[in-house]
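The structure under discussion appears below in the form of structure tokens.
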């Protein structure tokens, strides 16, 4: 009897209310569902049989030990050579642009679309689907015939031809060998791109991305549900002043009206007044689905991230006193697709289902405030690329791993058509005030609370938690506010213990050192049930000095108003924002927006409003801005044009700590200025120039096309704005540099030539100029420099400057180190002691060999081989494709660890004797067929000496 274990497709996941569709398409769906139920041959009769002697299975290092937290156990994507239906019918697209009139369901407002017409008929689509589905069935049957037990998770056929299935890892090699299988990749988990906490790190800990968020968030007793009380003159929407949003709304009346924006996230609290207060056909949140529970209800009641994102895009709440709360585009229509659970984690094939449904529901923009590890070849990144072909702009968070240095732009942000968003700090801070006095000197403290409410206290004494010890008697802090210096507290002290202090009435936390180029991030763990706030470093240290000298010092919290203060780091790149480039030197991120300490909506159960930080907050700012542009253009969709307008008119911003223009691998084209984007009729393409390395780059003349859709002639002067170069490696070593170890050189700049330094573009015309960029000569001992800059079009009138970023590597990419030798790799015993010479292992009772490795540069292919006593190759033990750089913590790598127990690939014991393990990594942009383009490391001898039976 066949055992059917079939997952759901995006049609089966679809809400019960099916839209009116064409007869043939409906027939195709019926055929699809029936064939899945009646004819799916996924049967699992036998387990893997060694007697079959099929080629040995490959063990993905990625699924071993350390990667369990970022990959779904035994789940893989299977990509096929047969193109998706979209790839098939995209070849048949009518190349001429058409204009269609579209009426909103509830309004008579007419908009148009410049999305290209797709000429594939429903009959042809049905035939295409049947062909792809038969190929999927063929795979299921073939695996069933081989006795391989699988479970189908999801099938994708329209945008990409991929299935996600579960099977035991030992069958991986069999599946990879099938003739119609193009590739096999593990299904990864995506988490919200939360900032990594400063905490004690044990060298034996090998998790890739640190501890996940708590699975549940509970209502805190101290949260007040009263209206936020703004001090006179405070405008809570100040963020829209320096981005140009307020000016764009005032001058052009754009609010995102009738533009559909999809949010794939943790769901949204649709009961929130800022988001319309309801969910359904006549509501602002009009579309949605819950992929976590399999229901049509996308309510967010346990996380808050999606609700915060939605508020940034299009919040609208007049109940807050003063100006009320407004998102970027307060009249957009939302589609909400809950694909992340209460912890903010989700499998990326589930996220892809949300993306598919957003496309089916007619979203013009999709917001993905998520970030994962991988390369641009991952299925989720490829899906983003295809969505762009439908005119859909997908804004994606670049990631919050800025402390780890270069190579940290995440997936799917590194997809070619993803608009990758980095974060800059807000222009102002919302603060509460406490006052005190010592020795006739008045003191005023600005404290920042996540929920924008003051502490429910009056006068309270302050205590300082020591940095040089872990107090055992915590009762001394009773009825006081405790100050904790998180970056400098002893690693042996526990934040968990502090969180349980029931007698402490509040916490003042310092989250970053005074040298860190950013303000506090409000990133204390959410299990803290005590009122807590973060302080600006200068004020924190000043208060510590006062308390240390005046033990009776008290602060008065009777002022219940919220104020604004200027952020001295405003518009500077946020400390946490991830740095590019993408693994194959593609320029990422592409644009920046406010993401540092952003006020927005939050689930009502948690107080209704909060301030959060991250590229998760910057991304919806871009999504909302795109909605304003679409409304101004009077089009429903236009990925290319909207991306051009956003990036062309972004303003290169200054890194306050460097006092230099921030590198492109940190800010992309620059900081958003939506007024310039909305008002302009000029665009320049391409939007960026990727120069790659000195071998693969194009250093001939590049053509830039300037298009003028306006009614006036405009003149530009061409200038070169060089930007400080970056070295992502520690000078003279193979070690990668963390954020604090990056080095910069403003003298290393490219040579830029123009064929003409002045151009004139007439109305309804286009013209072009040519630019030639030559990599900088590198004369010193350190040559691993990433150079970058902008080609700028400076108008001769009062129009806006257009900037085109460029970036490249000053040496061949193959010269970059992969392993941080001599630190890693390492041979370890079961106690994690480093072994430097031949060592005996019994290979029994846990006495096995471990290999710890780290990568300072991404590699397309990583393999582990077993060698004999003469260091001759015996067999491939494990391998992995598309491997990311590993994590840094301040100044050293956190290793990945895997084990070898002395077996061959059939899990048979090898004879006793001496063996070696070789790690081999393909150099960046190297040729996998060329053995000389691998970086190799060979372990000390692993001597197998099993006890006699």
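A Cβ is built for glycine as well, from the same backbone N, Cα and C atoms used for every other residue.
What TrEMBL says about a protein is an automatic prediction, not a curated fact.
TrEMBL tags one of the stretches 2-20, 21-39 as transmembrane segment, and that stretch is 21-39. Taking the Cα atom of each, residue 616 (active site, charge relay system) and residue 265 (active site, charge relay system) are about 10 angstrom apart. The separation of residue 265 (active site, charge relay system) from residue 305 (active site, charge relay system), Cα to Cα, is 7 Å. Helix first, then strand, then coil: DSSP counts for the domain 'C5a peptidase/Subtilisin-like protease SBT2-like Fn3-like' (689-806) stand at 3 helix, 62 strand, 53 coil. Mean pLDDT, taken over the domain 'Peptidase S8/S53' (256-670), works out to 90 on the 0 to 100 scale. In the three-state DSSP reading, residue 305 (active site, charge relay system) counts as helix. Sequence-distant neighbours of residue 265 (active site, charge relay system) (same chain, six or more apart, CB under 8 Å from its CB) are 300, 305, 306, 309, 336, 337, 338, 339, 340, 367, 369, 370, listed in sequence order. Classification of residue 265 (active site, charge relay system) by DSSP places it within a strand.
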